[in-house]
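Novice: This is the structure, below, for whatever I ask next.
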Amino acid sequence: MLTPNRNAGKMALVRDLRPLQVVYIIFFVRILSVFLVQTWYVPDEYWQSLEVAHKQVFGYGALTWEWRKGIRSYLYPSIFAALYSVLKITGLDYPEAVVLLPRLFQAAVSTAADYSFYKWTGGRKWALFLILTPSFWFYTSGRTLLQTMETAFVAIALSVFPFKDGKLGYYEKESNKWVWLACVSTFLRPTSAPIWLVLAVYNIITTNQDKIKLLTHTYIPIGLLVGGALVALDSYFYGKLIITPWEFFKFNVLQDVASFYGTHPWYWYITSGLPVVLGVNIIPILWAIYTILSRRKENKTGLLLLAAVILHVAVHSYIQHKEFRFVLPLLPIFMYLAQAVIVPWSRKAEKWQLYLVTGTLLLGNAVPSAYFGLIHQSGTVKVMPLLREAVSNNSNGSSILFMMPCHSTPLYSHLHMNVTTRYLNCDPPAVPGETYEAEAFYNNPLRWWRNEYSTRQTPTLIVMFDVLKGRVESLLQGYNLIHELPHTQLPKDEVGGKVLVYQKMYTQVKQQVYETV
């Protein structure tokens, strides 16, 4: 069976590792990821959380179109706003602290999630190994992404969910803690609803309570309390009555605005998304899926979890805009299935087989963790402290122009300086097919520059990718190259292999820019 005996699990928990020892181990790995993962992944890590919080607390920051349209909840940014407030009140809001503290907080939340996963499996060492080693989780567990928090909610909720397969006696009291987490998670990101829907239906069917009472005394009251509180929070910050999950659904699903940022075929999660997120761990996971499907009566929990996975993937496959991080919340489920087949196998395996499997999983996860955490797309993060230094050293006042695909870097949450910045806009156009600013820039950078700076001062600092250099050399005649940072070995389109920083020369000749058509 996929679910261990609860009493045996508790005995294993005490016999093998004390709870506090497990917490220390997990926390060490998660803190390690904060300091080792120093690369850029997606804009949302900064622009949908930290930038919003920075503007709330320090009075300056950047808000993307999502915040003007009201499709994002203020709950997640408000957590970081609280942390920033502590730094501000204590006078400890140094740039390094402003950058580091939110990531440490998220690492602590991920630690709680990993420990909950460990308890859910009955305290198995293999489970601890499997949740600590996945490269994609190491890559994202300390990032300030909604999907990271969503993944934590899934792991914690499943650890207290009332499964009815021997783990929880039929007449034992059922915990409703998972319902609270499900409601908050769905409000933060409505696309997490499929997982909770499957669990809710199962809970209603198998409950040892009166089903109507479960709905009227648990589901509905908790839903109203959570929903009411979060609607009130968002309405306060937006200055009007607003239900952000509905706005999110309306814009991203009904109006399909998300497709503006890229589309993939319906099967992408199966052929690319899940294989990349799971990495080498996909081998024991496929083994677990085969075991569940071939021995369904013995693996009821496995079937339930697979149903949640299938519905989640199916719903996300229907949406044209797809990203790897959208299936990250499925990781605790997959790791649970993997440990459930590895543990019984390991009891009979030869020592060399155990070393082979452990080494393969460890090495297969360590290599991508190191590459994606330290090397791939590192330049746009490493450039921020260099920009702070350049601004601080400039006594004539500074302004920064990011001539890059929009949101390629963090902004004020990493600068922590009230300096004038300019970046290319890529808000979805009001009319489909209409040219937006970033597109207009790359169509003709010289024309854009002339229109932008014909009546005002040119920027003090310019940040750009090396692939753009040949097209704007006439603009750079009055600038010195002060930094050249490696960014990626896999340049694509307008994202180059290096990040370049240019600084204006103040004894410059008048610059002549000729428009090319």
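Note: Cβ is positioned from N, Cα and C throughout, glycine not excepted.
The annotation transmembrane segment is assigned in TrEMBL to 21-41, 126-146, 178-202, 214-238, 266-290, 302-320, 326-345, 352-374.
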Novice: With Cβ distances under 8 Å as the criterion, find the stretch in 126-146, 266-290, 302-320, 326-345 that has the most pairs with the transmembrane segment (21-41).
Specialist: 126-146
Novice: When you scan the chain for residues with a C-beta under 8 Å from the transmembrane segment (126-146), skipping those not six or more beyond its ends, what do you find?
Specialist: 17, 22, 25-26, 29-31, 33-34, 37, 41-42, 44-46, 48-50, 76, 80, 102-104, 106-107, 110, 114, 117-118, 120, 188-189, 276-279, 281, 324-325, 328, 331-332, 335-336, 338-339, 342-343, 346, 358, 361-362, 364-369, 372-373
Novice: Apart from its near flanks, which chain residues at least 6 from the ends of the transmembrane segment (326-345) lie with a Cβ under 8 angstroms of it?
Specialist: 2-4, 113, 117, 120-121, 124, 126-127, 130-131, 134, 136-137, 140, 147-148, 150-151, 153-155, 158, 191-192, 195, 269, 273-274, 277-278, 281, 284-285, 287-289, 291-292, 302, 305-306, 308-309, 312-313, 316, 357
